[in-house]
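Working notes, beginning with the structure itself.
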């Protein structure tokens with residue numbers, strides 16, 4: 001405290017920080033990237049462990065015997081689905097009733113803001129079917145959910161068959177202390193959203209659905225099952241939910257513990273766990289797995305039906321069967337025993353899962369990186385913004401230099417007007433509002449005047465508005481009286497740097513992966529852009545590090561991580577598809593990535609673009 005209270009020492013410290021500002025910023029940036037890359041190195045991670053005492057032991061005897069019967073039921077479901085041309089509602093109701101469940105249906109409909117060309121749908125109508133197994137040994141105030149989406153074609157029929165097989169087996173057991181809800185939802189996430197809104201009596205997305213006639217207790221946990229083959233070689237755990245939310249780590253630990261006990265090969269991000277962490281290939285494998293989780297979390301979209309449960313504080317995950325590793329094979333009976341063991345342990349819960357971590361990264365299923373380990377990487381990037389803000393503040397507070405005649409320099413003395421700072425802020429955010437609203441508003445007009453579909457019109461309008469924002473410096477200076485002063489761009493940059501620091505800090509607290517990726521690209525821009533750098537080269541660098549180009553690079557990088565490299569043309573089409581899906585996810589499920597980029601991140605980037613072309 002003496003260092004800050006002593007005026008002489010405080011001035012010396014500030015002088016040191018301003019004099020070495022650029023080198024310190026470079027070191028902090030390199031240290032932040034190095035810290036993040038080191039998180040995948042196994043000695044720097046923590047081993048997973050069960051925090052919830054009620055689930056601390058896997059000493060339950062799994063007896064599910066009906067794997068082959070479940071596959072037969074799945075084939076029967078597939079035949080009825082083909083005959084009905086969609087969800088075989090009547091057959092599902094009769095089958096669930098025959099297994100002793102209380103069966104109910106829910107109808108729903110949703111008109112998309114524009115057609116989803118990936119799944120070829122616009123007017124969506126469907127029916128959810130669910131059966132409730134009432135708890136025989138408790139007052140029925142709590143519930144667990146097991147769901148399986150009914151997807152077009154031959155996908156996921158085996159999952160529905162196994163769900164019905166587990167329902168019949170669970171019905172004959174007497175130890176259940178919670179209601180168990182078996183749900184078959186149509187139209188994947190849209191159907192799940194309708195059922196969750198109906199179950200919790202909320203309507204946040206404007207969807208039309210019929211009220212639920214049957215209801216269980218408060219949902220404690222949920223699993224979504226996806227199986228699309230009779231031959232399963234491994235079970236993959238999907239954790240990433242809406243807006244980067246993750247379930248409590250104990251749910252992942254429970255899955256891993258039972259896989260180890262039963263002998264099921266388990267993966268995360270589709271990657272097998274390796275033991276050669278001390279080799280280059282082993283470390284590279286861990287980095288690849290962790291980066292896949294970072295990229296998926298940063299997208300903000302739910303990567304399985306479980307992702308929508310998390311917004312209701314329900315711990316949920318998707319268990320997905322994979323048929324990739326030919327030397328292994330897991331039969332349906334073993335998968336049923338795995339799910340039985342997990343539900344028997346969840347049945348023992350006396351309270352919601354809360355003792356383990358909610359913020360983490362996983363380079364493998366046996367190791368994790370807690371928030372206390374990965375946040376310093378972001379902090380090292382964020383401190384650069386504070387150092388640059390301090391440097392600008394000192395420059396603005398320093399008295400102007402005097403000329404040879406002893407008269408203060410009038411050019412440096414002239415203080416910036418309010419308009420010179422306020423105008424770029426207003427115009428930048430108005431451009432962001434246009435980017436958020438115009439693509440949906442103008443799609444009909446674009447379709448009438450140009451030979452494009454509704455989806456193409458939305459995406460191309462968004463790109464056009466984004467590109468039009470590059471003309472902002474010219475429009476800004478036309479509104480200003482006279483030219484901007486030297487102090488003017490410094491004040492504007494000070495405001496923009498502090499704005500970006502707060503924005504990235506809040507984003508990283510909600511979705512670390514998104515905040516870190518944005519910090520990697522925007523912090524260098526914010527730190528070193530001035531009106532005195534070479535215009536053409538700096539403008540090129542700013543465009544390369546802009547949010548749109550960051551998304552484009554992320555698309556190609558994600559494909560490389562998945563070991564599915566694409567050509568530039570395929571990558572560009574995938575990029576356009578990602579934009580349309582991001583907008584749809586916002587309007588359908590409430591994903592916050594699109595409004596965050598359009599209304600906050602892009603306007604903030606435009607402020608630095610304006611500073612570069614400051615007159």
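Don't overthink the numbers, they just go from 1 along the chain as shown.
Cβ atoms are placed via backbone N, Cα and C, with glycine included.
Sequence annotations record features per position, and here TrEMBL assigns transmembrane segment to 20-41 (among others). The list of residues near the transmembrane segment (20-41) in space but at least 6 beyond its ends in sequence, with Cβ under 8 angstroms from a Cβ of it, reads 277, 283, 286-287, 289-290, 361, 363, 369, 373-374, 376-381, 383-384, 387-388, 390-391, 516, 519-520, 523-524, 527-528.
Residues or ranges marked as transmembrane segment in TrEMBL: 371-390 (among others). Under 8 Å from some Cβ of the transmembrane segment (371-390) lie the Cβ atoms of residues 14, 17-18, 21, 24-25, 28-29, 31-33, 35-36, 39, 44-46, 357, 359-361, 494, 497-498, 500-501, 504-505, 508, 512, 515-516, 519-520, 523, 526-527, all in the same chain and six or more residues away from its ends.
Feature annotation from TrEMBL assigns transmembrane segment to 417-436 (among others).
Proximity of distant same-chain residues to the transmembrane segment (496-529), defined by a Cβ-Cβ separation under 8 Å and at least 6 residues beyond the stretch ends, is recorded for 22, 25, 29, 32-33, 36, 243-244, 293-295, 297-298, 300, 359, 361, 371, 374-375, 377-378, 381-382, 384-386, 388-389, 392, 538, 541-542, 545-547, 550, 554, 592-593, 596, 600-601, 604-605, 607-608, 611-612. As annotated by TrEMBL, transmembrane segment applies to 496-529 (among others).
Summarising the annotation, TrEMBL assigns transmembrane segment to 536-558 (among others). Tertiary proximity for the transmembrane segment (536-558) is limited to same-chain residues at least six positions away from its ends with a CB under 8 Å from its CB atoms, namely 292, 295, 298, 463, 466, 470, 517-518, 521-522, 524-525, 529, 566, 571, 574-575, 578-579, 597, 601-602, 605, 608-609, 612.
Away from its own ends, the transmembrane segment (592-614) comes close to residues 243, 298-301, 424-425, 427-429, 431-433, 435-436, 466, 469-470, 472-474, 476, 484, 488-489, 492-493, 495-496, 499-500, 503, 507, 510, 514, 518, 522, 525-526, 529-531, 533, 535, 538-539, 542, 546-547, 582-583, 585-586 of its chain (Cβ-Cβ under 8 Å, at least six residues beyond either end). Sequence annotations record features per position, and here TrEMBL assigns transmembrane segment to 592-614 (among others).
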